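Pulled from TrEMBL:
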DOMAIN    A:2-146  domain 'Aspartate/ornithine carbamoyltransferase carbamoyl-P binding'
BINDING   A:Arg54, A:Thr55, A:Arg104, A:His134, A:Gln137, A:Gly271, A:Pro272  carbamoyl phosphate binding site
BINDING   A:Lys82, A:Arg171, A:Arg230  L-aspartate binding site
DOMAIN    A:158-308  domain 'Aspartate/ornithine carbamoyltransferase Asp/Orn-binding'
Amino acid sequence: MRHLLSTADLSRADAVALLDTAEAMAQTQSRTIKKLPALRGLTIVNLFFEDSTRTRISFEAAAKRLSADVINFSAKGSSVSKGESLKDTAQTLRAIGADAVVVRHPASGAPHRLAHAGWIDTPVVNAGDGMHQHPTQALLDAFTLRRHLSGGEGDLAGRHVVVVGDVLHSRVARSNVDLLATLGARVTLVAPPTLLPIGVGAWRCEVSSDLDAALVGDVQGEVDAVMMLRVQRERMTSGFFPSEREYARRYGLDAARVDRLPPHALVLHPGPMNRGLEISAEAADSPRSTVVEQVANGVSVRMAVLYTLLAGDLAGEGVA
Amino acid sequence: MPDLNTTRVVLETDEISRALTRIAHEILERNRGSADLVLLGIPRRGVPLAARLAERIARAEGDGERPAVPVGEIDITLYRDDIRRRPTRGLTPTRLPEGGIDEKNVVLVDDVLYSGRSVRAALDALADLGRPRTVQLAALVDRGHRQLPIRADYVGKNLPTATSERVGVQLVEVDGQDAVTISDAVATDSATDARRATR
């Protein structure tokens, strides 16, 4: 694996190996000394063209726990705001001697361009691009699900995950559908028809616009997890739904809906949560909610990704 | 056509068994018993070896009342200095016995002692996990060619080798049989074999 750009690129074996590595990384994070020397001497650049404190500090913590040096590059206040192109930025990174680039960009496909245009020759990790992909988020969601549903081993075969909310604008939903399907899980997307992308019928999932019906188990089995998506208020400009109140009533996860879930079912949310809109405070704070755990798991998963991409770079040389 | 890849068995089941019994007694002798002793296996084959040593130590102590010697395993992958020179390797969990390793006499157990780099990595890993009183090293086979100033306290068999040769350790728990073999390195069967040979 050279880059991590999309969960659609991952084979089942790749995905399980990443989750296994993340499990081993998580184990090291309960120690007094959390830092490991694996990536000592390497420089990782966090290239953030879009604000995201949560994802950036998660990548930063992951890189630092593996002893890499981290340079944070945020577009705001940088030469990007003076009109510098992605190519020029990439060439600057090459000159600095970056060993890996973690990129967040508002344009779908920007990490792919960075990885394949020949401007730099380092591994590229997609930390979220436009409405396209957010692979480490999907991996941490799968990691969280696997821990609770499969004892932290193997894949998610036979599990049923319901993904609810703004699928249209959600890179989290896209990444999760690809990864969960690869891991053998059954995925049901629930969204207002206005918030479903064109062509969703070709995705490896079922689609519904009735949350209550989707949460009830069917002949194929009951629901194992509900993943709520954030309503991106900044993108709700053209009347995708009549009112926030109506959205909350039809597509929000409240205590009553949580109570109807099977006892083992989990509630996931990628954060930040709009309490009272897509998720009620009771549901967000219920014991089934893994929101805080997901953040901790994010560091382990990103450690696994950086380790997998950066260790073994000069494969085949050297003797122990 | 002559078989270029000649493999000789240098230790068989009962010889491995005797070597481990001897090492167990040497450990007890040097540490004056099994109090405060912890055995830590280095994956992969150091782990079953550590378990076998613990069993022999418990048997040698012989009063049946004493708890068995605590056994754990220590993953050294992230501490290797050749991490970027090899294909990425899978991590194995580090399992420390209850009570940890602080102020304990820790015996690291590995199958083959070669360059010493695995042991160096294990010492670094130990330093992150706690502060043992002493650290000792037990290896089933010492094949020489050290690249670091490291030596074993307990050795099953000293096996003079050429660097071109490969030493393979097979254990029932991992490979279905017990044997130590030495072969001329003609072709590398797999990364696993290479790693086994160079440990």
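Note: Cβ is positioned from N, Cα and C throughout, glycine not excepted.
In TrEMBL, annotation is done automatically, which means it is predicted and not curated.
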| request: With DSSP as the yardstick, break the domain 'Aspartate/ornithine carbamoyltransferase carbamoyl-P binding' (A:2-146) down into helix, strand and coil residue counts. | output: 67 helix, 26 strand, 52 coil
| message | Could you state, as a whole number of Å, the largest distance between Cα atoms of any two of A:Arg54, A:Thr55, A:Arg104, A:His134, A:Gln137, A:Gly271, A:Pro272, the listed carbamoyl phosphate binders? | response | 17
| task | Filter the binding-site residues A:Lys82, A:Arg171, A:Arg230 down to those whose C-alpha lies within 10 angstroms of the C-alpha of A:Pro272 (carbamoyl phosphate binding site); answer none if the list is empty. | result | A:Arg230
| remark: Restricted to the domain 'Aspartate/ornithine carbamoyltransferase carbamoyl-P binding' (A:2-146), the mean pLDDT of the model is 92
| query | So for A:Arg104 (carbamoyl phosphate binding site), how many other CB atoms are inside 10 Å of its CB? | reply | 25
| said: Roughly how many Å lie between the Cα atoms of A:Gln137 (carbamoyl phosphate binding site) and A:Lys82 (L-aspartate binding site), rounded to a whole value? | reply: 31
| If you measure every Cα to Cα distance among A:Lys82, A:Arg171, A:Arg230, the residues said to bind L-aspartate, what is the biggest one in Å? | 31
| A:Arg230 (L-aspartate binding site) versus binding-site residues A:Arg54, A:Arg104, A:Gly271 - nearest by Cα | A:Gly271
| said: Nearest of the binding-site residues to A:Arg171 (L-aspartate binding site) by CA-CA distance, picking from A:Arg54, A:His134, A:Gly271? | reply: A:His134
| note | Around the Cβ of A:Gly271 (carbamoyl phosphate binding site), other Cβ atoms found within 10 Å total 15
| query | Around the carbamoyl phosphate site recorded as A:Arg54, A:Thr55, A:Arg104, A:His134, A:Gln137, A:Gly271, A:Pro272, what other same-chain residues have a C-beta within 8 angstroms of the site's C-beta center? | reply | A:Ser52, A:Ser58, A:Ala127, A:Gly128, A:Pro270
| message | For A:Arg230 (L-aspartate binding site), which of the three DSSP-derived states applies: helix, strand, or coil? | response | coil
